[in-house]
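The structure appears below as structure tokens.
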Amino acid sequence: MALAHTLGFPRIGRDRELKKAQEAFWKGELDEAGLRAVGRQLRAAHWQVQKDAGIQLLPVGDFAWYDQVLTHSLTFGVIPERFRAHGEAGPTLHTLFGMARGVSDDSCCGGAHAQEMTKWFDTNYHYLVPEFSADQQFQLSWEQLFEEVDEARALGHQVKPVLIGPLTYLWLGKAKGAEFDRLDLLDRLLPLYGQIFRRLAGQGVEWVQIDEPILVLDLPQAWKNAFERAYNLLQSEPLKKLVATYFGGLEDNLGLAANLPVDGLHIDLVRAPEQYPSILDRLPAYKVVSLGLVNGRNVWRCDLEKALEVVRHARERLGERLWVAPSCSLLHSPVDLEREDGLDAELKSWLAFAVQKCREVAVLARAATEPEAAEVLAALEESRAVQASRASSPRIHKPAVQARLAAIKASDAQRRSPFAERIARQRAGLDLPAFPTTTIGSFPQTSSIRLARQSFKQGKLSEAEYIEAMHSEIRHAVQIQEQLGLDVLVHGEAERNDMVEYFAEQLDGYVFTRFGWVQSYGSRCVKPAVIYGDLSRPRAMTVEWIRYAQSLTDKVMKGMLTGPVTMLMWSFPREDVSREVQARQLALAIRDEVVDLEAAGIRIVQIDEAAFREGLPLRRNAWPHYLEWATEAFRLCASGVRDETQIHTHMCYSEFNDVIESIAAMDADVITIETSRSDMELLEAFEQFDYPNEIGPGVYDIHSPRVPSREEIVALLRKAARRIPAERLWVNPDCGLKTRAWPETEAALVNMVAAARELRGDLARG
């Protein structure tokens, strides 16, 4: 039969045991021995559950105490000087967690900021960015991989250690200090891979998986050349080597990947099914091909019949050289569907989490040589029933939603008048001062707010009691904003647990799991909502809260919504329709809410698109199509209102240059952005492009409890006013204030309002 394997398994545990142990360790409630015991138990359980599901070659090295890239940094001795405890023989778990979370001033290292964290390709997982110096030296400094191989082999498992490849590891890092080419470090790094391979061979390992996902990116020629050189050098080292690619197609790197002097190649046929015939034609006859046929990034069951067509064809061409796997590591999938006890039977039958995906992989591998086996036939029959159910279910397919989608006209995604005409009407109606002050939406989520929400969900608070509790929080937020002298107020979002979940709970077509947790980073786990069907809004979602807030003040109250692209990017999407279609459905639902807010007397509506840039495809040639439908979805949700109603959007990331035209195409009247940490340098993109609409550059960093002085904010605003005309500038924090405490929030806003008033004085004096 074909060989069944996985590229990695979720490390958090069925009940998030790793998260609980990490946090107990950080609080001093669990010692290192206790933490390590939890790790051993989880690894043993995860290997066994994969083996029981039919996986023949088990991944080792996919477990990490915080993040797999960080584990590699410790393994290679890539530890910034600020985390090196002098006198210690080598790195410890305290070193690892210090690199991830920072070190307080009273520790042995005297205080050190954490390493930068960023998204792992186009997933919602985050990794710790390696920091390289020009004189970087590499040395094996962390024994975790070898210890875990011994653990797994002692339990009787056939193992396949997993390593991030040398080129991907260097690509993911950043040069610190003097500028230099990271490829200059390759010759220093490669000997460590040789050492690792030799040690693994000595432990009885036969195969090693080397992850090189950057092969699905647009690579400079120098990096392509480096692949050939690196793997030619590694060719002489022991072990059979499987190079794993995922998250996309190899495209122009296909020939390079196919001809690397290794023993096998894994390809993602979920994201890029079209690459299958070319790979088979280009691959040398001695190589194993691992086909990623089960989606490792989503929660839907595999269409086994469709996947089996590929397996049968591959079996004829490859014989014993065929392996079957998920498309990528199952790190991005929840752990076990069997934990779900609140889903109805039909919906649950459509889903598969990591454990179930292992079984699907095993069935496909077995079907290659035993197509008539009872287990295979039963699984195929069940899969056919699931696909038929999903194809015809009225829960999924809503004629009214589809008819509305089909009726969309180009004019529906355009405001009635150009910005210049709209802004004149808005300024006349809103009557705001120069440098108007506002916040991004949320105010501190106190323990009393969280307790009230939890008590209401558990039935301990009646609806009337819950509404009064939230009204009390809204009154408090409005009162403070009026006392501070803010110009445009918000209601504070006390009733919202999460900017996606709050809306998803109120839309038809979404479902929530109880245990569908996935790791975002470290101990942070998220439970994305699942889009299972056509999306619509049965009733207003925010209107009563905002209407109540507006009734408390004569000042302008801003409505707060999450945009369609962000809703989509932070959910598990459908696989049976495109992301574009799902974004349009979400846009129509949000459009209805915007129109209802306007009808309720709300004159400013903010539609947050925090994930707009995150949705960009990995390959540049796919950007134009994404940007076209993403900007259209925003305009569609924002264009149902009169010219007098002002539409804001908020984006929180640090790179605008390459998407500035698309941001302008969204045609929001005001965009608020995160700029304080870049000292307003981000505004250069808006200045050079001559961005036409109004801008609120964030004037202080909400991620820090530090209160900025009035003078600091004045300096930033003056810097901004040199790039953007003063009449188009707003004054606001970088982001929402949900995670801050009230004292620091009030202190910072006092200084922000004072700074805006000083700028108005400058303007008046000319």
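Counting starts with 1 at the first residue shown.
Glycine is no exception: its Cβ is also placed from the backbone N, Cα and C atoms.
Swiss-Prot lists Arg16, Glu17, Leu18, Lys19, Lys119, Arg524, Cys525, Trp570, Glu614 with the feature 5-methyltetrahydropteroyltri-L-glutamate binding site. Sequence annotations record features per position, and here Swiss-Prot assigns L-homocysteine binding site to Ile440, Gly441, Ser442, Glu493, Asp608 based on sequence analysis. The L-methionine binding site annotation in Swiss-Prot covers Ile440, Gly441, Ser442, Glu493, Asp608. Sequence annotations record features per position, and here Swiss-Prot assigns Zn(2+) binding site to His650, Cys652, Glu674, Cys735 based on sequence analysis. Per Swiss-Prot, active site, proton donor is recorded for His703.
For Cys525 (5-methyltetrahydropteroyltri-L-glutamate binding site), the same-chain residues lying six or more positions away in sequence with a CB closer than 8 A to its CB are Ile12, Arg16, Lys19, Trp517, Val518, Gln519.
Applying an 8 A CB threshold to same-chain residues 6+ apart, the list for Ser442 (L-homocysteine binding site) reads Val490, Gly492, Glu493, Arg496, Gly736, Leu737, Lys738. Of all Cβ atoms in the protein chains displayed, 24 besides its own lie within 10 Å of the Cβ of Leu18 (5-methyltetrahydropteroyltri-L-glutamate binding site). Restricting the binding-site residues Gly441, Cys652, Cys735 to those with a CA within 10 Å of the CA of His703 (active site, proton donor) leaves Cys735, listed by sequence position. Around the residue listed as 'active site, proton donor', a 10 Å sphere centred on its CB holds 14 further CB atoms from the protein chains shown. Proximity of Cys652 (Zn(2+) binding site) to non-local residues of its own chain (separation of 6 or more, Cβ distance below 8 Å) is seen for Ala610, Ile673, Glu674, Asp734, Cys735, given in sequence order.
With respect to their backbone Cα atoms, Gly441 (L-homocysteine binding site) and Leu18 (5-methyltetrahydropteroyltri-L-glutamate binding site) stand 33 Å from each other. Of all the binding-site residues given, namely Asp608, Glu614, Glu674, the one with the smallest number of surrounding CB atoms inside 10 A is Glu614. Under 8 Å, Cβ to Cβ, and six or more positions away along its own chain, Ile440 (L-homocysteine binding site) finds Val490, Gln606, His650, Thr672, Ile702, Asn732, Pro733, Asp734, Cys735, Gly736, Leu737. The binding residues for 5-methyltetrahydropteroyltri-L-glutamate are recorded as Arg16, Glu17, Leu18, Lys19, Lys119, Arg524, Cys525, Trp570, Glu614; their greatest pairwise CA distance is 29 Å. Between Asp608 (L-homocysteine binding site) and Glu614 (5-methyltetrahydropteroyltri-L-glutamate binding site), the C-alpha separation comes to 13 Å.
Sequence-distant neighbours of Lys119 (5-methyltetrahydropteroyltri-L-glutamate binding site) (same chain, 6+ apart, CB under 8 A from its CB) are Tyr125, His126, Tyr127, Glu614. Cβ atoms within 8 Å of the centroid of the Cβ atoms of Ile440, Gly441, Ser442, Glu493, Asp608 (the L-homocysteine site) belong to the same-chain residues Thr439, Val490, Met499, Met560, Gln606, His650, Gly736, Lys738, site residues excluded. Comparing local CB density within 10 A for the binding-site residues Arg16, His650, the maximum falls on His650.
The number of other CB atoms found within 10 A of the CB of Gly441 (L-homocysteine binding site), across every protein chain shown, is 26.
Look at Asp608 (L-homocysteine binding site): DSSP puts it in a strand.
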